[in-house]
Amino acid sequence: MPVNADATVPANEAEVQDGLPINELFYSLQGEGRLAGVPSVFVRTSGCNLRCWFCDSYHTSWEPTHAWMDIDDVLAEVRNHAQANHVVLTGGEPMMHDHSVELLERLDEAGYHTTVETNGTIYREAPIDLASISPKLASSTPTPERDPKGDGAWEERHEDRRIDIEALSRLVETYDFQLKFVVTDSTDMPEIDELVERIDDATGTTVRSTDVLLMPEGATRDRLEETRETVAELAMERGYQFTPRLHVTLWNDAPGT
Ligand SMILES: C[S@@+](CC[C@H](N)C(=O)[O-])C[C@H]1O[C@@H](n2cnc3c(N)ncnc32)[C@H](O)[C@@H]1O
Ligand SMILES: Nc1nc2[nH]cc(C(=O)O)c2c(=O)[nH]1
Ligand code: SF4
Ligand SMILES: [Mg+2]
């Protein structure tokens, strides 16, 4: 159910409202990570504290649009997809919203498996079955040359916020997790190795090489064709996992997939 057609309230206006700013809610196959291929309902909140230049969900970050939905209504929409017992809460950054916790509690009570797709900068306590953490590398920063809006206004804020070791460590210690890095080429690798080591050192948890997933950058089939072979080779070289982007291969950049 795309709910962004006539919804134009900026996400930052409205933490005052009850419920969640929902950009879209749809049924698809999990396209990424350890649960790739699993039929899942996706609940996409609007609003983000970062601005990756490559963000494939532009209307939750650079130009957030949404309709406000009560938790009850979100639950009812999820239940409409009766085949699914997996729910993916994503965004935007879903951990920005207080009401994400209530939604996760309600989903858990109803017996759903919950995955949260998060950039790892915000920790919250909630019934999360898989924390799918995608820490943002230096190569995500919207420099003036890469900024989709062209002015670089978010460069400094993005750079300051993109890594929070304390939040990352708490997420890794508390939840079953995967660390899913968006990779374009080999220049990303030293930062990934260093970050994995820092998280490992900061926690009582050993980060195994199978917990680290390299995902090719690409919001479209054409772009993915340019990046995926290099990223697959980097995963093999380093002993990390490769994750495809099944939904992009299947449906390109169609909304609601
Ligand atoms: C739109 S984000 C929403 C969740 C959260 N804000 C985050 O970044 O993890 C969902 C997933 O898509 C990934 N992603 C976004 N744009 C991408 C792109 N152009 N290529 C590959 N992955 C991308 C993110 O890294 C994240 O794993
Ligand atoms: N099919 C499909 N799988 C996904 N896995 C994570 C997604 C996301 O945007 O968080 C996503 C998405 O947008 N679509
Ligand atoms: S953190 Fe996630 S939602 Fe936010 S801009 Fe980056 S990819 Fe998009
Ligand atoms: Mg997506």
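The backbone N, Cα and C atoms fix where each Cβ goes, glycine too.
These come from TrEMBL:
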- Leu29, Gln30, Gly31, Arg44, Thr90: substrate binding site (BINDING)
- 35-253: domain 'Radical SAM core' (DOMAIN)
- Ser57: Mg(2+) binding site (BINDING)
- 133-158: region 'Disordered' (REGION)
Alpha-carbon spacing, Leu29 (substrate binding site) to the residue listed as 'Mg(2+) binding site', which is rounded to whole Å: 17
Span of the substrate site, taken as the largest CA to CA distance across Leu29, Gln30, Gly31, Arg44, Thr90 (Å, rounded to a whole number): 14
Surrounding CB atoms that lie within 10 Å of the CB of Gly31 (substrate binding site), all protein chains: 23
Binding-site residues close to ligand 2 - of Gln30, Gly31, Arg44, only those whose C-beta is under 6 Å away: Gln30, Gly31
Leu29, Gln30, Gly31, Arg44, Thr90 excluded, remaining Cβ within 8 Å of their centroid (substrate): Ser28, Glu32, Ser40, Phe42, Val88, Glu117, His247
CB contacts for the residue listed as 'Mg(2+) binding site' [other CB atoms within 10 A, all chains]: 21
Spatial separation of Arg44 (substrate binding site) from Ser57 (Mg(2+) binding site) - C-alpha basis, Å: 9
Distant-in-sequence Cβ neighbours of Arg44 (substrate binding site), under 8 Å, six or more positions away: Ile22, Asn23, Glu24, Leu25, Ser57, Thr60, Thr90, Gly91, Gly92
Structural state census, the region 'Disordered' (133-158) (DSSP three-state): 7 helix, 1 strand, 18 coil
